[in-house]
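Asks: Pasting the feature list from TrEMBL:
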DOMAIN    19-99  domain 'Aminoacyl-tRNA synthetase class Ia'
DOMAIN    656-760  domain 'Methionyl/Leucyl tRNA synthetase'
DOMAIN    799-892  domain 'Methionyl/Valyl/Leucyl/Isoleucyl-tRNA synthetase anticodon-binding'
DOMAIN    939-1010  domain 'Leucine--tRNA ligase RagD-binding'
Amino acid sequence: MTEERWKVNKLLELEKDAQERWSAGHVFEQDFDESKKDVEHYTVTFPFPYMNGRLHLGHTFSLSKCEFAAGFNRLIGKRVLFPFAFHVTGMPIKVSADKLTLEMESYGYPPTFPAQEEPVAAQEVSAEDLIKDKSKGKKTKAEQKSGGAKYQWQIMKSLGLDDEEIKKFANPEYWLEYFPPHCTSDCKRMGLKVDWRRGFITSDANPYFDSFVQWQFRILKELKFIEFGKRNTIFSPLDDQPCMDHDRASGEGVGPQEYTLIKLKVLEPRPKILASITKPLFFVAATLRPETMYGQTNCYIHPDINYSAFYIGANNDEVFIGTARSARNMAYQLLTKEFGKVEYVEGLASFKGAELLGTPLKAPLSPLERVYALPMLTIKDDKGTAVVTSVPSDSPDDLVALNDLKKKKPLREKYGITDEMVLPLEPISILEIPGFGNLAAVTVVKDMKIESQNEKGKLDEAKKLVYLKGFNDGKLLVGNYAGELIKDVKKSIQDDLIASGEAIKYSEPDKKIISRSGDECVVALCDQWYLNYGNPEWKKAAHAACDQMETYVDEVRVILKRTIDWLHEYACSRSYGLGTKVPWDPEYLIESLSDSTIYNAYYTVAHLLQSTLNGSKTGTLDIKPELLNDAVWDYVFRAKPYDSEKIKIEEAKLKKMKDEFEYWYPVSMRSSGKDLLSNHLTFMLFNHVAIWPNRPEMWPQSYRANGHLLLNNEKMSKSTGNFMTLSEAIDRFSADGMRATLADAGDGLEDANFPVEAADANVKRLYNLLEITNETIESVKKKEYRSADQPILADVLFENSMNNLINQAKEAYAKTFYHEAVISAFYDFIKVRDFYREVSGTDKVREDLILKYFEYQAIVLAPICPHVCEKIWSLLGKDGFVIDQQWPVDLPVDPVVLDTVRFIEKNVHSFRLRLKDYLDPKKKKNVSGPPTSATLLYAVKYPTWQAEILKTLKNLYEENNGTFPDNKAISKIIMENSEVKKFAKKAMPFATFMKANVDRIGLEALSLTATIDQEKVFTDMAAYFRSALNVAEVKSVCVDDAPTPSAADVMPGYAGVVFE
């Protein structure tokens, strides 16, 4: 066994011991207590994880924020509740179970699978995203989670399950039995401060929670926040139902994108391939910019893409030309004769775009009588219809493609394009865009010197410039809305085109979405129950909830408010999967993001109602689930009066539930990954203001969002092997080693990193901390340390530094900045102890102070590394648990003493560099061996030129309300001083240096004399300096009145040294 493994095993042993003692003491089980009702509560929650696998480090990173917050708030005297539950609602479990059943039917037991196919390449992002809803994004996780496995059986194998065990998962209910206990076990090994009595699973498998969700939805319907009707939604044709975020294998967070589908009528002569079609025939182009149709000069077709001719209308009234993919979407938007079915023109289900080139067309709003279909080789078939309207005045792509065709006759001849189709075409002025004029694309292409369609990078940048500026500031020059801003009339132009029959609305997924059943999703216009998040009054209330909450990071509030603004109808029902049935329409199930918006309230009473995760056994109040109804929930959660006619449960029991809710609510902090900000966390705000409209004190108090966790600076993925579960991380690094590394990983919304090397280093730090604690206690027993009646300067420095770090750690914990907290409470705390031992030298450390150090270390590090801290607490002979102690308060910090420590550290470092230089034989300064003495040179006041600069800096700082002007302005002012001019080369470097000191310690840095008694430091610490410099004698000399060449760089706080 390696030394590192042995250390981890030791830590695992003490962690198990601490967890057993916590469990025996029921220390994390919290109940409402009348005698403590005035003690502030702190309820912290984490989105209940989905039970289709074990927790991994990514989950654990978000979870750790809750855990650290719970630990800290216990220490500052709050009553802390950290509940935990398990999500099973939705499609994933049912889909996976069905897949296992199908795989056994198709490939036998155990299954023998055919060779796997190559994975599909990832999609690129279009520059047109700039003028779409910016709050939409793409979150694709399925491939990373599955490790590249194609079959569900293989995915289950990757979890370490054998064939006999996997077979059981063909029953969806087995998932509900298997994973929650494993999740609980893993979390307990981590040392989570969870009240496990309050755990539960969702869906109608739990009758208590099922009743709670139905109550919530009846309220929402009564408030008219839930409606029924045809709405565009992401839809899985294979599953025959809406496919919401949690039902997707890829494309989480992606929504429908609406286009205007422009109908370009085919004129005579028709191309040969379309000659047999007698019905009205149209090329259809999906555009986000209907206002630019006034500038159409042609349309573009890709010669090598497959196109289709398909019927549109209730009676197959018209024929559209587009891709089969777009036709599939249209079929689900009531545009075809039969919902979900595409009927192709006979023989024209698929043909190459080359067959369409040269087709004459009538383009709506264009001043040209006819335009032509021309070739463009950059069109893709995964967006829109692959028919592109060309507006060269305002689309750089269109302009460059047109220029290419004009310049390259062989290109025209290759595709049968005549000169008259191309050469007369010129951009048509339709928009005025500030900074770009009335031919924006022409301007930007010229300015950026774009010559070819192959200059993709430049073209993309050009589009960003033109599209964004045009959308925000462009003004229309032609048509019925001439003189109006584009953003004001875009919708009106779309409506006019639709009313005239020249366009229709068309939607498709903004990016590719794959359902968990493996189906590519479409946008469907279908009957559904939906939450009307577009209700203006509801939005207003949600904004109010957002405004009053703490978000720790400003960007979180920005995302929340943006999401509140763009959210409109959201499908909240489906027909397949697990979940709670829609109360008034039981053929539908409530969608998995919609049943999890106020469940934090259920935590407050869960243990009173149920004693098993699925509610198969009653809780402490012995209430049967069939006795629950809306009147019961209204009494408990909405302060409605007790109605004895409707309620068949004793009021005393319900009063207990109500007391629990009223005390533990609202949620003090909700911790989550940033990907839930634009759905779950925003939904949570909407639903809280709906259920508790007149009780803002019950709305969430804070959201703590974090970025994704990288492992060794790479995305976690089973397919690459760069993946680690929570259980694996504990086995490898111990719980506290992992926890310290998670704390250090990062605090903002940017991606954080978990380096394995850092985790290994934390294992060593923790083990060494325990070893040094043991050694210190042994030395105390042997009376090897100084007593309190023998104080030295090092004691003052040490205690002051400890106090400062404790105060810094408290501030970081309060802000939930755990990277800063672990530095102050652990890494730097170790450094001040080591410094104290070093500067104490032969005097040894003081017994009471070193014991106080370990006591403080145990308390301030306990939120992050509680197991090791419990062990230290025990070694110190302290009673109780360290996690129940009080944070040290009223700790004075003297900034001058802090500066004294910095003075010693920086000058010893400088002296050692000088000593190294002195001993360097190449420099020939030392002819008689190592020095025996050192003269330390110090200054109490600054030379005149430096003093003048300090005065000037102070005046500038005060005149500018606590800031400095730029260096150019400072240089001009200080150089007007005749004393400063003499030292012109040194002046600005000195000024810049002192400015940095002000940022570090404040205006005190500009004092004209030293704030530190340097002579006293050198005298009292003489033994330390002798040891540090390895000399027999140390003396100190003030050089204020007797400057020497050796003292040229000496100034207050920055000493020099002469070796002899």
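Each residue, glycine too, has its Cβ placed from N, Cα and C.
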Asks: Which one, 656-760, 799-892, 939-1010, has the most C-beta pairs under 8 Å toward the domain 'Aminoacyl-tRNA synthetase class Ia' (19-99)?
Replies: 656-760
Asks: For the domain 'Methionyl/Valyl/Leucyl/Isoleucyl-tRNA synthetase anticodon-binding' (799-892) and the domain 'Leucine--tRNA ligase RagD-binding' (939-1010), check the count of CB pairs under 8 Å (sequence separation 6 or more) and say whether it reaches 3 or more.
Replies: no
Asks: Summarise the domain 'Methionyl/Leucyl tRNA synthetase' (656-760) as counts of helix, strand and coil residues per DSSP.
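Replies: Breakdown, helix to coil: 51 helix, 21 strand, 33 coil.
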Asks: Going by DSSP assignments with H, G and I as helix and E and B as strand, what are the residue counts for the domain 'Aminoacyl-tRNA synthetase class Ia' (19-99)?
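Replies: Tallying H, G and I as helix, E and B as strand, the rest coil: 37 helix, 13 strand, 31 coil.
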